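As written in Swiss-Prot, here are the features:
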type	residues	note
CARBOHYD	Asn96	N-linked glycosylation site
CARBOHYD	Asn134	N-linked glycosylation site
CARBOHYD	Asn337	N-linked glycosylation site
CARBOHYD	Asn391	N-linked glycosylation site
CARBOHYD	Asn451	N-linked glycosylation site
SIGNAL	1-20	signal peptide
Amino acid sequence: MKSVLASGALTLAFSLAALAADAFQASSWDSTHIIRRDVVIVGGGAAGTYAAIRLKDHGKSVVLVERRDRLGGHAVTYKDPNTGGSVDYGVQVYDNNTVVRDFFSRLNTPLADLSFASFGKPVYADFEEGMLLNLTAGTLGQDYINELNKYPYLDNGFELPDPVPEDLLLPWVEYIGKYNIDLSTAIATLARPAVTGNLLNILAIYVFNNLNHLLLHEMSGAVVVNANRDNSQLYRNAVSELQPDLLLRSRVVAGQRRTRKRDGVRLVVDTPTGRKLIIAKQLIVGMPPILDNMRTFGLDSHEHSVLSHIYGLPYYGGVVSDTGLAPGFSFKNYAANTSYNLAEIPSVVAFNPSSVDGLFYYWYNAPQPVSQRRIETEARDAIKTLQRLTNSTTQPEPKFLAFSDFAPYQLRVSAEAIRNGFYDDMYGLQGHRNTWYTGTLFVTGSSQVWNNTEVMLPEILAAVNSS
């Protein structure tokens with residue numbers, strides 16, 4: 001039996017070797033399985049979709065590769081079969097700026113202004129201990145603005161001075177103490193939406209990069225939403241626009257990227273209609289460039305060394321009905337007896353009202369991966385606790401309607417890696433081996449991702465034109 005297994009393993013090894021040897025030669029492929037484009041884009045979230053549309057607008061041919069069966073990344077939407085209404089339980093809002101408005105207009109998707117009141121009046125509760133809390137929402141004060149203004153280069157990425165200021169590498173709780181940040185301000189910085197991990201231990205550099213001047217602009221009320229409260233509509237329209245230059249449910253299984261521009265890139269991609277060879281002048285990586293996502297791209301030793309530092313954390317979201325909770329309220333999980341009343345993780349972050357009566361969406365923060373079953377069990381227990389605490393007139397059994405795993409979420413690297421020049425090295429990879437990186441490695445939020453991608457386009461176009 002062992003000899004049979006060994007023989008099978010040897011055959012597999014030879015098969016993989018054969019793939020590596022001639023997989024990138026067009027002569028080895030049926031012409032119907034070869035795709036030739038100016039640019040191949042891998043990752044169909046906010047970054048990749050925007051890049052594909054804008055490159056088409058500039059007259060370039062593209063192919064977009066996405067492993068899921070849809071575009072949109074963290075823009076996830078539940079469609080209620082009873083009312084036809086939509087519940088966004090990932091991306092919520094966009095900055096009201098020209099790039100955002102132009103992109104929505106380009107894809108014939110309506111926008112509308114938003115009142116933050118639609119997110120519900122906050123109710124603070126300790127989900128674990130089962131008690132309502134008399135808390136006051138923090139307010140960002142001038143003390144935070146003064147600190148943020150020290151680091152203007154963090155608004156649009158991480159083009160850092162050398163040496164990197166050591167203050168930026170402090171855990172946020174230590175930065176708060178060192179600069180005597182007011183309690184109300186500190187609480188506000190810890191209450192920013194959809195942040196993963198232990199909020200006190202996040203490096204200051206990531207707080208300022210996330211809670212930057214653009215986000216402050218949004219928090220002042222300068223936000224827009226899809227007029228139908230369906231953030232996935234933008235991406236459905238993008239699917240229609242990009243066909244047939246779109247490969248959904250597809251994965252890169254091998255890559256060859258040369259250093260000379262004229263040699264371009266070649267990717268072997270598994271698709272629902274068979275394996276394809278993509279031959280392109282340039283590659284844009286719009287997905288999280290963590291090592292596990294990039295191993296099949298034929299990394300050189302320098303790329304491997306740089307990308308190996310990147311990690312993301314778990315974050316989850318879902319939609320639930322039959323909660324028995326009062327409409328128009330946002331039920332937030334805090335703790336009675338911890339620093340800044342932060343709830344321990346893993347735990348549900350909040351239950352928020354949606355635009356569909358009776359449906360709430362929730363988020364769940366965890367330091368390590370957690371199963372959907374455990375998350376929904378804990379969410380169910382929290383809802384039953386809230387029913388009791390709020391004297392709900394009905395106590396139905398919650399029904400879970402949708403679930404999404406957003407990992408790897410909010411990409412980061414260690415303080416030591418930053419100190420040793422990680423971001424200089426990462427920016428140095430732009431254009432290296434005809435490959436470009438965009439997305440949430442540099443900024444958070446779709447609005448900034450689109451803006452940063454737009455800023456990169458002239459360099460990418462120049463590379464295409466000179467290939």
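Including glycine, each Cβ sits where the backbone N, Cα and C put it.
Separating the Cα atoms of Asn451 (N-linked glycosylation site) and Asn391 (N-linked glycosylation site) is a whole-number distance of 46 Å. Note: the Cα of Asn391 (N-linked glycosylation site) and the Cα of Asn134 (N-linked glycosylation site) are spaced 17 Å from each other.
A gap of 34 Å separates the Cα atoms of Asn96 (N-linked glycosylation site) and Asn134 (N-linked glycosylation site). Cβ-based neighbour count (10 Å, all protein chains) for Asn391 (N-linked glycosylation site) stands at 7. Secondary structure at Asn451 (N-linked glycosylation site), as computed by DSSP, is helix. Cα of Asn134 (N-linked glycosylation site) to Cα of Asn337 (N-linked glycosylation site): a span of 13 Å.
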